[in-house]
Amino acid sequence: MEGGGFVAASKVNIYEGRVTAFVICTCLIAASGGLLFGYDLGISGGVTSMEPFLKKFFPSVLEQQSKASQTENQYCKFDSQLLTLFTSSLYLAALVASFFASIVTRIFGRKISMLAGAVAFLIGSILNGVAMNIGVLIFGRLLLGVGVGFANQSVPVYLSEMAPASIRGALNIGFQMAVTIGILAAGLINYGTAKIEGGWGWRLSLVLAVVPAVVMTAGSYLLPDTPNSILERGQPEKARQMLQKVRGTQNVDAEFQDLLDATEAAKKVDQPWTSILQPRYRPQLVLCILIPFFQQLTGINVVMFYAPVLFKTLGFGDDASLMSAVISGIVNVLATMVSIYSVDKFGRRMLFLKGGAQMFIFQIAVGTMIAVRFGVNGDGELSRWDANILLLFICAYVAAFAWSWGPLGWLVPSEICPLEIRSAGQGINVAVNMIFTFIIGQVFLSMLCHMKFGLFFFFAGFVVIMTVFVYYFLPETKNVPIEEINQVWKQHWFWGKYIPDEGLVGLSRNDEGRDT
């Protein structure tokens with residue numbers, strides 16, 4: 001059986017144009033939206049490992065830590081549903097916000113959606129920093145979730161629509177690069193604020209989220225909207241001018257015609273949320289559900305937003321746990337650069353498959369090492385040598401995710417949907433991502449307490465399943481113009497039966513006189 005498949009270069013239009021400074025700058029500014037998600041991922045785990053924060057809002061967790069240390073059960077130090085609710089409530093809010101964001105993105109444009117998300121995140125950051133009770137703390141976190149939901153819905157779509165096909169992957173992964181930078185910055189800030197005397201360092205950690213929020217607010221205000229979005233809102237001349245500016249050439253007739261064709265198809269769809277359920281959109285619907293589902297079932301958020309808690313649980317000291325989170329954050333950034341370099345050169349499928357294999361190997365290694373050192377009862381400790389080896393294994397796992405499922409989990413869903421269902425498809429992608437981020441965030445500490453080292457084998461099993469799925473069901477989309485992605489689906493061994501001929505934008509013009 002043929003795996004994945006790809007579309008031949010001769011089957012798609014090669015548009016005129018060049019990579020302009022304008023498109024690079026706009027995409028870099030838009031990608032800063034990833035800072036919101038990344039900073040929060042990195043900051044929450046560090047803050048929830050700080051004793052003054054726990055004493056203020058979660059005193060029962062401190063008491064539980066003390067009991068766990070007396071029994072020497074390393075697995076159950078932080079098993080608190082209230083504490084995990086603080087972290088995971090953001091993702092519930094992002095889930096709800098993603099549905100509204102898809103409507104705003106489609107009707108008012110990608111730019112307005114990004115701006116709305118940035119403002120919500122800004123307000124939430126301030127509330128978290130000044131919170132004096134758990135109610136204000138959770139409300140501020142819900143507003144952060146609204147910001148993340150809007151940003152994650154609109155930014156990847158914006159990047160995919162603005163970027164030339166030849167470097168669409170690299171520019172879109174700018175979003176994930178911003179996420180990793182946000183995580184790293186948060187780790188460094190947590191390491192510094194944890195040392196502030198007086199026990200108020202956690203407030204500084206939380207309130208500094210205003211920095212990426214301000215960057216995103218200013219950036220989204222200054223950005224132009226995409227030609228696709230402008231045309232979708234009935235302004236063809238403005239859309240053509242923007243396309244000429246983005247591509248650096250006056251001759252954009254072929255690409256503009258494909259945008260017109262896509263827009264005409266989009267006008268026939270009044271309800272993208274119901275239309276995406278039609279058989280003709282079955283491949284996009286399945287991938288927009290399963291890719292974010294699998295991305296979360298890699299177990300990455302176990303490491304990223306609980307890194308300090310995880311390391312502390314496994315026997316690292318307070319400073320060592322925060323510094324270990326910083327080290328894994330640096331690895332995250334560097335490995336994402338590998339993806340930026342290789343995604344348009346070697347393709348999406350290769351990164352998915354190689355990354356899956358590496359994640360599996362090192363998850364098994366982490367689980368095995370924890371099993372040997374702590375056993376079933378959680379009674380044990382890590383030597384300095386053991387701790388360094390465990391950190392090395394975790395960093396190798398983080399690196400594999402950072403150049404595969406991390407960026408590609410946002411890139412692929414944003415580029416595979418035709419214009420008429422693009423906002424709905426990305427809304428589903430964000431919603432599924434947030435549902436399972438919430439679920440894993442809420443149950444992880446309990447799972448660690450009850451499943452123990454088996455938790456890492458659990459996630460490794462899902463890595464095997466999703467890697468096999470990619471091999472058979474994900475076609476290659478590198479260098480294919482975004483409005484012609486349906487041609488890739490049409491030629492796929494399994495998905496081709498769902499794609500009608502009339503859904504192939506540009507096919508008659510490109511393939512005239514030869515079989516398709």
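Every residue gets a Cβ built from N, Cα and C, even glycine.
In TrEMBL this protein carries:
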- 19-39: transmembrane segment (TRANSMEM)
- 26-478: domain 'Major facilitator superfamily (MFS) profile' (DOMAIN)
- 82-105: transmembrane segment (TRANSMEM)
- 112-132: transmembrane segment (TRANSMEM)
- 171-194: transmembrane segment (TRANSMEM)
- 200-223: transmembrane segment (TRANSMEM)
- 285-309: transmembrane segment (TRANSMEM)
- 321-343: transmembrane segment (TRANSMEM)
- 355-376: transmembrane segment (TRANSMEM)
- 388-406: transmembrane segment (TRANSMEM)
- 427-447: transmembrane segment (TRANSMEM)
- 453-474: transmembrane segment (TRANSMEM)
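Per-residue pLDDT, averaged over the domain 'Major facilitator superfamily (MFS) profile' (26-478), rounds to 87.
The transmembrane segment (112-132) shares the most Cβ pairs under 8 Å with 200-223, out of the stretches 19-39, 82-105, 200-223, 388-406. Sequence-distant contacts of the transmembrane segment (388-406) (same chain, six or more residues past either end, CB-CB distance under 8 Å): 176, 179-180, 294-295, 298, 300, 303-304, 311, 314, 324, 327-328, 331-336, 338-339, 342, 351-352, 354-356, 358-359, 361-363, 365-366, 369-370, 382, 466. Most Cβ pairs under 8 Å with the transmembrane segment (200-223) belong to 19-39, among the candidate stretches 19-39, 82-105, 171-194, 355-376, 427-447. Outside the transmembrane segment (321-343), and at least 6 residues removed from its termini, the chain residues within Cβ reach (under 8 Å) are 42, 45-46, 49, 169-170, 173-174, 176-177, 180-181, 183-184, 186-188, 190-191, 194, 303-304, 307-312, 350-351, 391, 394-395, 398-404, 406-408, 411, 478.
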